[in-house]
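For reference, the structure is listed below as C-alpha cells.
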Amino acid sequence: MASYLQLLVLVVVSSFVVMSESASVPVSPGLSYSFYSSNCPKLESIVRNHLKQVFQKDITQAAGLLRLHFHDCFVQGCDGSVLLDGSASGPSEQEAPPNLSLRKEAFKIINDLRGLVHKTCGRVVSCADITALAARDSVVLSGGPNYNIPLGRRDGLNFASRQVTLDNLPAPFSNTTVILKSLAGKRFDATDVVALSGGHTIGRGHCSSFTERLYPKQDGTMDQTFAKNLKVTCPTANTDTTTNLDIRTPNVFDNKYYVDLMNRQGLFTSDQDLYTDSRTKDIVTSFAINQNLFYEKFVNAMLKMGQLGVLTGPQGEIRANCSVRNANKLDLWSVVDQGKQPRFSQF
Ligand code: HEM
C-alpha cells in the first residue's frame, strides 16, 4: 500500500512538473489545446486506443511514429508534407535520402488513424495533427512523460524538394557544432538539442548510418566492446542490418540513452559528440542522473518542435487521404464544417 501511495505521489508530482514546464512554451496563433473539443471530442481517445493495440503487437512501431513527426516538422513545418506521395511536380520528400529509412508501417498507421478519426468525426482533423498526436502517444505508451499538445494544424498542399529536405535534416555523422548550428536556425538552444536527441532512447538505425565510425578506422571515442559488437552486426559499411539506438532499454522511453553516451556507447556521431563537446556535456550528464529533468526538457522541446511552421486557419487543407492532396482545391467541405468566414472560400 505504501509503495502504491509513493508511486501515486511520484506520478502526480512528475505530471505537475511537466505541465508547469509546458505552460512556458507559447502556443502558436491558430493552435489551441481544445481545438477539437466540440467537433471531435473523442479524437485523443481514438488515437490512443488504436495505438495501444498496434504497440501491443509491436512496440518498436512507436519509434517509427516519433521519427515521422520529427521529419515532418523539420522540413517545411509540421504540415504533413512528409506523408505526401510524389506527383507530377517531382519526387516526394519520402524519396529524399534521410526519409528513405522512415518505416513504411508508420505511414500506414497514420492513414489508419485518419480513417478511424474521420469515420467518427468527419473530415475535420488534419494528417499533421494526427501525426503529432501519434508521436506524443508513442512517447507515453513507451513509458515516457504524458503531456498535452496544442492542435489545429492544417495539411500542406506541397511537399519540399530533395535539396530542402536534405538541408533541414542533419546527418548522423554531423558533430555537435553542426547540429547546434542547424537547430539554432529553428530556435532550439543547446538544452533543446540534447533533449530532442533523447528521442534516440527508442528505435533502431541501419549500419550505413554509423559505420563511418567503424571503417576504415574505428572512432577513438567508442567503447571497445560496443565497437566489437557493432562490427559483428555490420561486417561491412553497407550491410543492410539494423541495431538498437539505446543498448540498455531499446524500447523504453527513459533516460538510458544519456547513460549510453556517458559510457561511450552512443550509436551515431551526432549522439556521442554531445558528450564530447563542452557546450553539451553537462546537459547530457544532468539528464543521465535525473530522468524527470530529461522528461521536462524533452516535453518543452517537443512542444516547440511540434509548432514549427504550422499552417492554421484558412491555410492548407484537411486531407481526405494523408498521402495525397485533395483533388478539389476549393476545400469547401471543411471550410463550412469549421464555421470559417466566407472569405476563406478562395482557398
Ligand atoms: C539531432 C539530429 C538527429 C539526427 C542526426 C538523427 C538521425 C537519425 C538516424 C540516422 C536514424 C536512423 C535511420 C536509419 O539508419 O534507419 C534515426 C532514428 C531515429 N530518430 Fe533520429 N536524428 C536526429 C534527431 C531526432 C529527433 C529530434 C527525434 C525525435 C524527437 C528522433 C527520433 C528518432 C527515432 C525514434 C529513431 C528510430 C526510428 C525507428 O526505429 O524507425 N531523432 N535518427
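Just so you know, glycine gets a Cβ as well, placed from its N, Cα and C.
Whatever TrEMBL says is automated annotation, not expert-curated.
His71 (active site, proton acceptor) carries a helical DSSP state (H, G or I). Summarising the annotation, TrEMBL assigns active site, proton acceptor to His71.
The Ca(2+) 1 binding site annotation in TrEMBL covers Asp72, Val75, Gly77, Asp79, Ser81, Glu93. When secondary structure is read from DSSP and collapsed to three states, Gly77 (Ca(2+) 1 binding site) falls in the coil class. Long-range Cβ neighbours of Gly77 (Ca(2+) 1 binding site) (same chain, at least 6 residues apart, Cβ-Cβ under 8 Å): Gly156, Leu308, Gly309, Val310, Leu311.
Other Cβ atoms within 10 Å of the Cβ of Pro170 (substrate binding site) number 18 in total over all chains. Residues or ranges marked as substrate binding site by TrEMBL: Pro170.
The heme b binding site annotation in TrEMBL covers His200. Residue density at His200 (heme b binding site): 25 other Cβ atoms are found within 10 A of its Cβ, drawing on all protein chains shown.
For Asp246 (Ca(2+) 2 binding site), applying a Cβ distance below 8 Å and a minimum sequence separation of six or more within one chain yields His200, Thr201, Ile202, Lys256, Tyr257, Asp260. The Ca(2+) 2 binding site feature in TrEMBL is assigned to Thr201, Asp246, Thr249, Asp254.
For Cys40 (disulfide bond), other Cβ atoms within 10 Å of its Cβ number 19. The disulfide bond feature in TrEMBL is assigned to Cys40-Cys121 (among others).
Counting only same-chain residues at least 6 apart in sequence, those with a Cβ under 8 Å from the Cβ of Cys73 (disulfide bond) are Met305, Gly306, Leu308, Gly309. If you look up TrEMBL, you'll see Cys73-Cys78 (among others) marked as disulfide bond.
The disulfide bond annotation in TrEMBL covers Cys127-Cys322 (among others). Taking a C-beta cut-off of under 8 angstroms and a sequence separation of 6 or more, Cys322 (disulfide bond) has the following same-chain neighbours: Gly80, Leu83, Phe107, Ile110, Asn111, Arg114, Cys127, Ile130, Asp155.
Cβ neighbours of Cys207 (disulfide bond) (same chain, under 8 Å, six or more residues apart in sequence): Thr233, Cys234, Thr236, Ala237, Asn238, Thr239, Asp240, Thr241, Thr242, Thr243. Sequence annotations record features per position, and here TrEMBL assigns disulfide bond to Cys207-Cys234 (among others).
According to TrEMBL, the feature domain 'Plant heme peroxidase family profile' maps to 30-326.
TrEMBL lists 1-22 with the feature signal peptide.
Feature annotation from TrEMBL assigns site 'Transition state stabilizer' to Arg67.
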Note: among binding-site residues Asp79, Glu93, Asp254, least Cβ-dense neighbourhood at 10 Å is Asp254
Determine the minimum-neighbour residue: among Ser81, Thr201, Thr249, listed as binding-site residues, which Cβ has the fewest other Cβ atoms within 10 angstroms?
Thr249
Pick the one among the recorded positions Val75, Cys78, Cys127, Cys234 whose Cβ has the fewest other Cβ atoms within 10 Å in this structure.
Cys234
Of the recorded positions His71, Val75, Asp79, Glu93, which sits closest to Cys121 (disulfide bond) by Cα distance?
Asp79
Inside 8 A of the center formed by the CB atoms of Asp72, Val75, Gly77, Asp79, Ser81, Glu93, which other residues of the chain have their CB, for the recorded Ca(2+) 1 site?
His71, Cys73, Phe74, Gln76, Cys78, Gly80, Val82, Gly156, Phe159, Ala160, Gly309
Among the binding-site residues Asp79, Ser81, Glu93, Pro170, Thr249, Asp254, whose Cα is within 10 A of the Cα of Arg67 (site 'Transition state stabilizer')?
none
I'd like to verify something. Among the recorded positions Arg67, Val75, Pro170, which ones have a C-beta closer than 6 angstroms to some atom of ligand 1?
Arg67, Pro170
